[in-house]
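Here the structure comes first, spelled out in structure tokens, and everything after it is commentary.
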Amino acid sequence: MQTLESTLNPPATASEFDTTIHRRKTRPVQVGSVTIGGGHPVVVQSMINEDTLDIDGSVAGIRRLHEIGCEIVRVTVPSLVHATALAKIREKLLATYQPVPLVADVHHNGMKIALEVAKHVDKVRINPGLYVFEKPKADRSEYSQAEFDEIGEKIAETLKPLVVSLRDQDKAMRIGVNHGSLAERMLFTYGDTPEGMVQSALEFIRICESLDFRNLVVSLKASRVPVMVAAYRLMVKRMDELGMDYPLHLGVTEAGDGEYGRIKSTAGIATLLADGIGDTIRVSLTEAPEKEIPVCYSILQALGLRKTMVEYVACPSCGRTLFNLEDVLQQVRAATQHLTGLDIAVMGCIVNGPGEMADADYGYVGKQAGYISLYRGREEIKRVPESEGVSELINLIKADGRWVEP
């Protein structure tokens, strides 16, 4: 006889305990020397805030980002003059630094701009809501199907030269939909909704596919996290139904600054990455672009998608703590933060110590007042005076051959 409890709570399956993130399978899209999708690591990118006409300033901004781990750099291109300036930027990068994958950001009525800049960059980002921009009419309340299709044909005609150019150069395009700039006909037809964002992207994808061009990356950004998450999930659903496998660029647009801007970006980006959705990310902050890169890598590290720093496991401290946990964690971090790939646990007492740090490579645990127990994995190696804890931890790492000089 089946009980009520077993009906409401069926036995858990092995898959429910799977802690691995299973990434959505996508096609690889090459952007310069970097590959987006196709099972490659999630790519980190950002955008310089210098005026593109400032050649030296733009080159310096690109270098600053690239040197701290930004793998693709986007540059705004609001006019033809800016498009030709990118040729000089690329030339100077090659002469004074090294090749950096560059993306041109093209918006309002960008047909001629995009065609010119496609010669000088690795990828062109276009906004479907603005690429063929028509000023909204105050008295319009709807679009007939004929009117909708007529504009679609105009978009296809306008987009074709760029698609052919990128296809023939074997370069890439990002179809970058923004919730705040959906085309009027999409708004009237689908509303101010994730569906409207998805349909806007699909329209441009179909145009590209009709011209045998599939080096595409897609984004559906919004400043509200629930809208952004819903749009990407719906896009994946539609692409799966249509047999499309384009990689996705994740981001919360206009996230703001400071702690909240970082939390807001993480809430959207990490939610999707945890579901296996997303191939490249950008954290958009109202701060210097260089501030975005550590946030990107921290998100990827926290999810186990890329390991680029030491993973520190530390308890929040309580009345059982036998040393100043906050100070000691800072000391341990200062001494070991260059040992990329290690997991180091700092635990204030024996209650949380060995159990919570079981997966760590090394542990620093308060088990007795004035003394520190050092662990290798689950094994306690030695007990030392608290004043010698950090130096003895370093000695243990050195003895195992895992120490490198900073």
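Backbone N, Cα and C define each Cβ position, glycine as well.
Taken verbatim from Swiss-Prot:
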type    : residues                       : note
BINDING : Cys315, Cys318, Cys349, Glu356 : [4Fe-4S] cluster binding site
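Features as recorded by Swiss-Prot, highlighted on the structure.
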residue : record                        : Cβ neighbours (10 Å)
Cys315  : [4Fe-4S] cluster binding site : 21
Cys318  : [4Fe-4S] cluster binding site : 11
Cys349  : [4Fe-4S] cluster binding site : 18
Glu356  : [4Fe-4S] cluster binding site : 16
Reading the DSSP string in three states, the entry for Glu356 ([4Fe-4S] cluster binding site) is helix
DSSP, reduced to three states, assigns Cys315 ([4Fe-4S] cluster binding site) to coil
